[in-house]
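What follows is a set of notes on a single structure, which appears directly below.
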């Protein structure tokens, strides 16, 4: 099997799982009434960013890698633009979610005012605009995210300006974001221990997602520079980058009990419909047979009545 086929298959499988997990979170958040609060709204925005990232990889990047078509390869920087947008949106949403949990634990009296539904929607809109602005700035300054098939990863051009710009705007920014997430969730964890289990599950979700992002940052920006083997480099960069967004949705589904109930109810409804469908078709088949039997019986009765003198 060719190396491009292996890379495309591995990334395709992981991104496919990310598509399922993250779009399930987005759809479930719109359907569940208990998610109509600030944490649920921010979780939906975070899952939306992850869903964009996984979907772009699954429907465009992986087929391009598999086909190894030069024309498509030359246009993968467009995919890189939206991949960076999804990454930005997801990471910044994580920071807001962490701050949300911090306020819920330490400032419960002011929480409803700070994170009202209106304020949350406004902040989320600003978040999208900032993600678009930063991604567009990268793109128009010539620091486009391109696919380098020799090492199986997306990277910025090897220009000194881009390397410095990306290091300070990407790595330092994301590392600071993740550290803030970990610090706030860890400090809030002890305070929330005496609170209800739902708040604890939200904190565990945020902490787990922050830990996964930290591992991805370390492998992508630090360990990758020390690795020369292309397969280890692939695991520390592209594999880690796609996996972190797929696991994001999985972690949300694992810790959110309301979403688990919603998914189970949806599955049960579909199973009931599948089991009821054959019965309905049987009824449809039986009804015409009963009608024909009744018509024959009437014909026999009328014929017998005409024979009787």
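Heads up, residue numbers simply count up from 1 along the chain you see.
Backbone N, Cα and C atoms are what each Cβ position is placed from, and that goes for glycine too.
Record features, source TrEMBL:
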{"type": "TRANSMEM", "residues": "6-27", "note": "transmembrane segment"}
{"type": "DOMAIN", "residues": "13-256", "note": "domain '7TM GPCR serpentine receptor class x (Srx)'"}
{"type": "TRANSMEM", "residues": "39-67", "note": "transmembrane segment"}
{"type": "TRANSMEM", "residues": "79-99", "note": "transmembrane segment"}
{"type": "TRANSMEM", "residues": "120-141", "note": "transmembrane segment"}
{"type": "TRANSMEM", "residues": "161-181", "note": "transmembrane segment"}
{"type": "TRANSMEM", "residues": "202-225", "note": "transmembrane segment"}
{"type": "TRANSMEM", "residues": "231-255", "note": "transmembrane segment"}
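The transmembrane segment (202-225) is in contact with the transmembrane segment (79-99), judged by 3+ CB-CB distances under 8 Å for residue pairs 6 or more apart in sequence.
Long-range neighbours of the transmembrane segment (120-141) within the same chain, counting only residues 6 or more positions beyond its ends whose Cβ lies under 8 Å from a Cβ of the stretch, are 38, 41-42, 45, 49, 77, 81, 84-85, 88-89, 92-93, 96, 156, 162, 165-166, 169.
Beyond the ends of the transmembrane segment (231-255), by six or more residues, the same chain brings 7, 10-11, 14-15, 17-18, 20-25, 43, 46-47, 50-51, 53-54, 57, 86-87, 90, 151-154, 201-202, 204-205, 208-209, 212-213, 215-216, 219-220, 223-224, 263 to within a C-beta distance below 8 angstroms of the stretch. When Cβ-Cβ distances below 8 Å are used as the criterion, the transmembrane segment (39-67) is approached by residues 4-5, 7-9, 11-12, 15-19, 22-23, 25-26, 29-30, 32, 73, 76, 79, 82-83, 85-91, 93-94, 96-97, 100-101, 104, 115, 117, 120-121, 124, 127-128, 131, 147, 149, 202, 242, 245-246, 248-249, 252, 256 of the same chain, each at least six residues removed from its ends. Outside the transmembrane segment (6-27) by six or more residues, the chain places 43-44, 47-48, 50-51, 53-55, 57-58, 61-63, 65-66, 152, 234, 238-239, 242-243, 245-246, 248-250, 252-253, 259, 263 with a CB less than 8 A from a CB of the stretch.
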